[in-house]
Amino acid sequence: MALRTLASKNALSFALGGAARPSAESARGVTTVALPDLSYDFGALEPVISGEIMRLHHQKNHATYVVNYNKALEQIDDVVVKGDDSAVVQLQGAIKFNGGGHVNHSIFWKNLKPISEGGGEPPHGKLGWAIDEDFGSFEALVKRMNAEGAALQGSGWVWLALDKEAKKVSVETTANQDPLVTKGASLVPLLGIDVWEHAYYLQYKNVRPDYLNNIWKVMNWKYAGEVYENVLA
């Protein structure tokens, strides 16, 4: 049983970049994750993001990552106990993809905030100063992230990252559902923008730049600032 629990926790830690965040444990001792609740209604981000997109994105897309990730955890739990190393290696792809999808979307929901509650208000305080220092201005950061997101081939994410060792902020991109930690162990996500088509196609069709330009109106910079200050505290 101890080996099973350890294997599951190690797999979860891999996807989360070294910090396991269990939500529940089954009777077998397998650590699983759960779909997080949103702090706002599906339609609260309109007209920037439609309620239909938010409902499908959360209830279907993210929920599927959770189901498939938990399934992969159960499977790797079994093959580790059996000592089947080749099966463990084969499951890493499913764990990375679905675990990354869960991690990335859990951050994404926190990065969004209704306009009526302060969404879109530019960053202030220490994060605002860091952005000015590392990018020249807030407007320059937005332009850079929009350009990186528009240029990203296929599906993926564009991130505002904090390098906790260098104490610098940077723009990073990751393919598919790769979490930011795959670009460097010292990188902490402050903001992530989902540029998979499921995040915008029903509303913006194939015009990804329009989606990128508009999403800043519902960005939760208060959350990003809190993460920044907590990491560097």
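Counting starts with 1 at the first residue shown.
Each residue, glycine too, has its Cβ placed from N, Cα and C.
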Starting from the Mn(2+) binding annotation in Swiss-Prot that includes His57, Asp194, His198, which of His102, His105 is the extra site residue?
His105
Could you work out which of the binding-site residues (His57, His105, His198) has its C-beta surrounded by the smallest number of other C-beta atoms within 10 A?
His198
Under DSSP, is His57 (Mn(2+) binding site) part of a helix or a strand, or is it coil?
helix
Provide the three-state secondary structure of His198 (Mn(2+) binding site) computed with DSSP.
helix
Tell me, how many other CB atoms lie within 10 A of the CB of Asp194 (Mn(2+) binding site), whichever protein chain they belong to?
24
